[in-house]
Amino acid sequence: MSHALPPAANELLRDGLTALSLPPGLAPPLARYLCLMERWNRAYNLTAVRDFEAMVQRHLLDSLAVLPWVRGPRIADIGTGPGLPGIPLALARPDWQLVLLDSGGKKTRFLRQAVMALEMDNVVVVQDRVENYHPDEGFDTVISRAFAATAAFTRLAGHLCAPEGQLLAMKGRDTDDDPQALPTGWRVVATHSLQVPGLAAARHLVEINKD
């Protein structure tokens, strides 16, 4: 199996890493992950995005753009799907420990294959529903990408946070969720505008902390 991206997609990836102040050495493992996703996508429909250039921008660079706001070392990616943003984050920060949580069997099978192929010893894949997942230790950051409305995400995943942990919700356009709808004891600290290299669509990150 080829792990090489088409030239235009490879250039987008390398330029995007430079724009995000990330090392060029990240490009080969990210490309290998994307090629593996594309191959599995033919049979398992992991993502509706099928063009390599769009996958670089909307999957890889979009995931990496949140790095400045993620606090480690323990991170949970809720409803991770094909590993977004978790696998790009884990490749960028091998010193962090990530749990990738999804209830879908096809997606978690792909994730286990990707983790093995990429020789990632800082990632654990869990097949479960978020409300049923109760780890022994809380997480410094619990992140989701288009998983649910902010209030629902907070209600479902808040129990996963360590005492000083945070929730991060990746959104498209600026969220219009009502902050008053958050469960008691939680508040929206900030909504950050994300600059994703090469992507014109609006992307935002909602930061939620305990009161």
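Residue positions begin at 1 at the first shown residue.
Each Cβ is built from the backbone N, Cα and C atoms, and glycine gets one as well.
Here TrEMBL has GLY79, LEU84, VAL130, GLU131 binding S-adenosyl-L-methionine, and the candidate from ARG109, ARG112, ARG145 in that same listed site is ARG145.
Listed in sequence order, SER63, ASP77, GLY79, THR80, GLY81, LEU84, PRO85, MET170 are the same-chain residues at least 6 apart in sequence whose CB falls under 8 Å from the CB of ARG145 (S-adenosyl-L-methionine binding site). Under the three-state DSSP scheme, VAL130 (S-adenosyl-L-methionine binding site) falls in the helix class.
Counting only residues at least six positions away in the same chain, the Cβ atoms of LEU156 sit under 8 Å from the Cβ of GLU131 (S-adenosyl-L-methionine binding site). GLY79 (S-adenosyl-L-methionine binding site) is surrounded by 22 other CB atoms, counting those within 10 A of its CB over all protein chains shown.
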